[in-house]
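Here the structure comes first, spelled out in structure tokens, and everything after it is commentary.
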Amino acid sequence: MYKVVVIIALLGAVRGLDKICLGHHAVANGTIVKTLTNVQEEVTNATETVESTSLNRLCMKGRSYKDLGNCHPIGMLIGTPACDLHLTGTWDTLIERKNAIAYCYPGTTINEGALRQKIMESGGISKTSTGFAYGSSINSAGTTKACMRNGGDSFYAEVKWLVSKDKGQNFPQTTNTYRNTDTAEHLIIWGIHHPSSTQEKNDLYGTQSLSISVGSSTYQNNFVPVVRARPQVNGQSGRIDFHWTLVQPGDNITFSHNGGRIAPSRVSKLVGRGLGIQSEASIDNGCESKCFWRGGSINTKLPFQNLSPRTVGQCPKYVNKKSLMLATGMRNVPEIMQGRGLFGAIAGFIENGWEGMVDGWYGFRHQNAQGTGQAADYKSTQAAIDQITGKLNRLIEKTNTEFESIESEFSEIEHQIGNVINWTKDSITDIWTYQAELLVAMENQHTIDMADSEMLNLYERVRKQLRQNAEEDGKGCFEIYHTCDDSCMESIRNNTYDHSQYREEALLNRLNINSVKLSSGYKDIILWFSFGASCFVLLAAVMGLVFFCLKNGNMQCTICI
């Protein structure tokens, strides 16, 4: 009986060892992120990398902008009446509106999209006269009711409609040459008039067959006006097709024709670089922005956005994803609430995280004769935070490097195979989205691995300090074989623990405890032996009581056969 009491007392001594545990921060509800190895990894903290909101206005503070209003960019070159206030000028931001007017007399511009893009990317337009002169039999001031100006018939301001001076007279063969004496390329635009009927053609240019030829060192083309009836637009059944080319410095361009030509009055020089915005958003001179789209301004520091693939300025890359969460915390292991027994409230990082530790990523919990305590480890926490800080900026840098390479490759493809813009843009978006997902997943994997590594480094630091003075329990804790008060615990935390100071006490306690430790097999035998002995003692006591009662006549036993 005494042996059993001693064993129980010594086992209680084992359980009563001072204890220090290492753990990491945890939260009740973490955030799910994607890593290279797990698409549903829960972390303590994460930040969104995809911007989904914008300001519904154009922030123009600090910008020299030109709002074209009803004027279409093409109208700036040909001189549409709606563009009379925008024929020249400089800007850093050009704003195009949805219902802008490009043409008064109905028509179109060949390769209009490319020309419009050149204008929208420019930082201004200056004009130079072509110096073309015409004979006395040519009227260079043709007008139309479709292009009203100051209440009267007019025409495009930057080109001249050349017609016969006398109605029905054959237009004379005419040749004009423009030489670019500038050091920059000039953009020259001209038109071909397609009459609505033979009568109109004869009245304007005579009965002869019409032909226009245009040539420079880089451009050659011949045009024949097409006479046919067309639906009326602005009261006109005729059409004007505008053509354009770039004249290099020192080059000449020659026009030769006998009617049907809309001649340039001035050539344009696109100067500088600027932003071109297509938007119906109102202008706000009180806010700043570096990125714009049709819905307004995107003011964000995030590397990605899912608002539109068509943005201008210094913008986040478009990805076809609602969300890409970037881990800024460690793997989350919610705390398992345990009973408050002797060690019920203390468990290390191997078992679970600690939700109560809000002042650090890593820390300690201890229990000794003075009670329990908890403290963060600022060194390991700071080491982890230093690697997290700037992660978003590093992601942006990686994004820009990867995406600029992709964009360059696709720009070259566009240049080589022509008008495949929509196809290439869709392909770029798909690749950007894949690259974005991969980059974020890689960063998340690195963050989690790094956080785990810092936890293990801290654990190893404590293990090396304690040496044989403590034993690991397999749950992220150390059971200490000597008395360790609060100052002792503090020395372990701040890495100043003196192993030799407690060596003798720890060794003695270890020997005393180990001498009574039993293997699991012997423990089972003792338990069964104890159970059997208890049953035997109980049975003996009962039988003794029965015999005592029978002897004293207090109990009778009758046996019937």
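The backbone N, Cα and C atoms fix where each Cβ goes, glycine too.
As written in Swiss-Prot, here are the features:
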- Asn29: N-linked glycosylation site (CARBOHYD)
- Asn45: N-linked glycosylation site (CARBOHYD)
- Asn252: N-linked glycosylation site (CARBOHYD)
- Asn422: N-linked glycosylation site (CARBOHYD)
- Asn494: N-linked glycosylation site (CARBOHYD)
- 1-16: signal peptide (SIGNAL)
- 17-524: topological domain 'Extracellular' (TOPO_DOM)
- 525-545: transmembrane segment (TRANSMEM)
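Features per Swiss-Prot, on structure.
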| residue | record | Cβ contacts under 8 Å, 6 or more apart |
| --- | --- | --- |
| Asn29 | N-linked glycosylation site | none |
| Asn45 | N-linked glycosylation site | Thr31, Ala327, Thr328, Gly329 |
| Asn252 | N-linked glycosylation site | Thr177, Tyr178, Arg179, Asn180, Ser216, Ser217 |
| Asn494 | N-linked glycosylation site | none |
PLDDT averaged over the residues of the topological domain 'Extracellular' (17-524): 87
